[in-house]
Amino acid sequence: MIAQLIFIIILAAAVYFFGNNVSKIRRNILLGKDTDRNDQPALRWKVMAKIALGQTKMVKRPVAAVMHFFIYIGFIIINLEVLEIMIDGVFGSHRIFAHPLGGLYGFLIGGFEVLAVLVLTACIVFLCRRNVVHLKRFTGTEMTQWPKSDANYILITEILLMTAFLTMNAADYKLQLLHFGHYITAGSFPVSSLLAPLLPGSASALVITERVCWWFHIVGILCFLNYLPYSKHFHILLAFPNTYYSNLNPKGKFTNMASVTNEVKAMLDPSFVPENNGEPARFGAKDVTDLTWKNLMEAYTCTECGRCTSVCPANITGKLLSPRKIMMDTRDRITEIGNNIDKHGKDHQDDKSLLDNYITREELWACTSCNACVEACPVNINPLEIITEMRRYIVMEESQAPASLNNMFGNVENNGAPWKYSQADRFNWAEE
Amino acid sequence: MNNEPLAIPTMAEMAAQGREPEILFWVGCAGSFDERARKITRDICKILQHVGISYAVLGTEENCTGDPAKRAGNEFLFQMQAMMNIQVLDGYNIKKIVTGCPHCFNTIKNEYPGLGGNYEVIHHTQLIQQLIDAGKLKAENGESFKGKKITYHDPCYLGRGNGVYEAPRAALEILDTELVEMKRCKSNGLCCGAGGAQMFKEPEPGIRDINIERIADVIETKAQVVAAACPFCMTMLTDGVKNQDKEQEIKVLDIAEITVRANGL
């Protein structure tokens, strides 16, 4: 009875704290400007099914894709087991699905165990790639101590959880063979039965092992759940809405700013009356709140895999720009603003901004707008949109474009071409 | 049959005669002013004339699409340019446009509709593919590329930007030559370094220029010809080849130039 009570209290607290942190992230995301991403729902579901559920963009890197697939499928399927653990925890039962499912139960448990081994393998491979092989993709200026530790914490936690799961099953299996107490026979335990000889022989020691692993496993999962909102691992949840709200236009198409259209129309036609005379918005983005909620959702979705940065022509050739850093900076800044709201109220200003305090101009001007980062992202994040918005702010609000670009603007405006040639000479090519 | 002089009609002339061409050839700024690109512009005209498509150019009435301004963040200038161009295009009742520049292609196709300019826009490599498919264009009576290795560099705004990967390759596949791909190609293609208004500024400090990085990919294929489909890529690749002292071994040619040579136009 006490165990059940403790379990219910832990479960309720875990759900409460998780819900609380998720609602803070949701609030932070909604600090962004509005943008309509609700058109074409059928296509959106399809994109989500393909990209998030089907992981089709992962396959460009086959080793990572296979390993990631093990962990992903393990995570989804082992959740069935977690459901049983929850019910057992609340009602004080033991392997409640074993009886009603009969032979299928043994098959399922067997499947979970195989998946657990695959997850373990993948996690160890991933740890090696990060800490032994030192894959270039996991380095870079933005990969400071915390992002590196974060990745390792996630992998080590998953290893511990899977180990506890298998050890729990091994002890359970051994108790079943002893026909001890309520430990009913429940399948063949293909993996944990191999571990059984490593465990003590006495029934009481086995019961303690089984219980300790059971509690470690489920409390570990609940702790991990509450770690998500502080971690890049949050991608396991946001990947789904983030791909649903993907940009469905061709990648080359940039947004046309409606606020600018109004001003240009008024300039060309003095009788033109703009449709809405709302508050005069800032052109482009100086801070994260000038970006759209989708940009901010993407920032929270990023799991720092670095595929974007590894294909960025600027980054490859040694420039400061790193698309992954753009996303991480955006996330860190909106989180900072959120924390300020929690501490000092919603109108608090901290004299900081995404531009200059986080992202330098040198980074922004190094972008070739080639869309390689957008193409590479396995969950359809678009760093280019943020870069473009920040360039817009620098050019239109500050008039601080590099001098050579200002020359180009002048040429376009005066000669109708980005170079200093006369409009009258534009057709000279025909007479060669 | 191929020696008839090149006659390049303008929209103004056509309109004066009360005629409307089937398609407008949007030349673009590079195609109008850049020495190398001007040659390609004339080659596109040769192809159009050869197959007998009724076309015209805007000549001095053409204006920058606003692409470099938009990528650099100057949305005001972009929209000014766009609205001026839309006025001119609509004034001539233009419905269909072919262009030799992927940047003009992307801008007119994707960004002009939101400002009221709706046209069917194709890139010249797509036109060439259509003409090949229709049997109007072959690879005969001209220079043979047989036995040569050709590789193709995907321009960002044609490939990733708009998903056009096959049309330029189709134009090369009829050459009876070996088409070799670079390790970074199609959706994984590496930028030449000119996009996003980089063409008009010095690069930020780094360890090397992007076009040098790209030329290494070209050299690795051992191709004698690298095909381009964008005037800016053309400049960057040509500079890269020069920088690596490979001018004798590697020629940079636009798909239109290759087509013209293969057909002896």
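Here the Cβ of each residue, glycine as well, is placed from N, Cα and C on the backbone.
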Q) Ranges A:180-200, A:369-389: which does TrEMBL label transmembrane segment? A) A:180-200
Q. Sequence-remote contacts (6 or more beyond its ends) of the transmembrane segment (A:149-168), Cβ cut-off under 8 Å?
A. 71, 74, 78, 81, 112-113, 116-117, 119-120, 123-124, 126-127, 130-131, 138, 191-192, 195, 199, 209-210, 213-214, 216-217, 220-221, 224, 227, 231-233, 304
Q.
Before we move on, state whether the transmembrane segment (A:180-200) and the transmembrane segment (A:103-128) share at least 3 Cβ pairs under 8 Å, counting only pairs 6 or more apart in sequence.
A. yes
(Q) DSSP on the domain '4Fe-4S ferredoxin-type' (A:357-387): how many residues come out helix, how many strand, how many coil? (A) 16 helix, 1 strand, 14 coil
**Q.** the domain '4Fe-4S ferredoxin-type' (A:293-323): DSSP-derived helix, strand, coil residue counts
**A.** 19 helix, 0 strand, 12 coil
